[in-house]
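What follows is a short report on a single structure.
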Amino acid sequence: MAPERLRSTILTKDGINWYYEQEGSGPDVVLIPDGLGDCQMFDKPMSIIGSSGFKVTTFDMPGMSRSSSAPPETYQDVTGQKLANYIVTVMDQLGIKTASVWGCSSGASTVLALCSGFPERVRNGMPHEVPTANPENLQNIHDADPATISRDMAAVSRAMSANEEAWDALGPEVHERLRDNYVRWAYGYPRTIPGSAATKTEDLHKVPIDWTVGAAGPTQVFFENVVIATRESIPIKTLPGFHFPYVSHPEAFAKYVVETTRKYL
């Protein structure tokens with residue numbers, strides 16, 4: 001029988017009213033959402049991981065979806081380091097001392113910031129597709145109006161899912177939340193996230209790191225991830241899908257998280 005899912009909210013000292021979910025028991029695994037900020041994307045793999053002997057925690061990110069009640073500074077001028085500090089605070093309040101941490105995109109930047117800045121809290125890090133530079137179509141996205149951002153980012157995100165049927169199946173409530181999240185992301189993330197990536201040698205060897213990129217994505221988009229991981233002799237492999245493997249291929253994603261985490265227990 002699948003473990004029960006806890007869904008609740010918690011207010012941390014930085015003023016963020018977090019929506020969070022937990023499932024399972026055992027060593028802690030924290031799944032950090034990508035820049036779109038909605039943890040519903042982890043719904044299917046979370047149960048698989050929780051049924052495999054782990055306690056899984058995830059949450060909507062500050063200012064996003066059901067964590068929208070948050071001070072503006074928590075979702076403006078966002079960096080991996082800023083998000084890492086917020087996540088340590090919520091880990092403290094939830095009693096999570098050490099965890100294996102996964103994150104994609106800005107979530108991956110957050111994973112690297114946790115590994116570098118809070119190695120005592122991280123068993124192992126699993127970054128997926130860390131943004132190190134903005135593609136041309138994001139250079140001036142912060143100048144666009146909210147309606148244009150929501151329309152364009154909905155199309156881009158669907159394409160980057162590499163499984164449009166699974167993306168659509170997230171459901172109308174999730175996509176309604178994402179429409180607002182696209183705007184907060186565009187105004188708060190692209191100008192500051194890429195430059196915050198903790199990719200120096202001194203950042204990358206404090207805890208074990210296993211890096212991934214999407215097998216279905218254009219190689220050039222995240223090729224710098226391959227360059228950095230190779231330079232630092234960090235294991236790097238592909239996962240099925242592109243930018244959201246937990247949506248497009250939930251079983252394969254869960255298997256990767258479980259098998260990778262077990263290496264470090």
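Every residue, even glycine, has its Cβ placed from backbone N, Cα and C.
Over in Swiss-Prot, the protein carries these features:
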ACT_SITE  Ser105  active site
ACT_SITE  Glu129  active site
ACT_SITE  His243  active site
BINDING   Gly35, Ser105, Ser106, Trp185, Tyr189, His243  zearalenone binding site
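Ranking the recorded positions Ser105, Ser106 by other CB atoms within 10 A of the CB puts Ser105 at the bottom. The zearalenone site, placed at the center of the C-beta atoms of Gly35, Ser105, Ser106, Trp185, Tyr189, His243, has further neighbours from the same chain whose C-beta lies within 8 angstroms: Asp34, Leu36, Cys104, Gly107, Pro131, Ile193.
Of all the active-site residues in the list Ser105, Glu129, His243, the shortest Cα-Cα distance to Trp185 (zearalenone binding site) is found for Ser105. With respect to Gly35 (zearalenone binding site), the closest of these active-site residues in Cα terms is Ser105, chosen from Ser105, Glu129, His243.
Cβ environment of His243 (active site): Asp34, Cys104, Ser105, Glu129, Met160, Ser161, Ala162, Gly214, Gly217 lie under 8 Å away, each six or more residues apart in the same chain.
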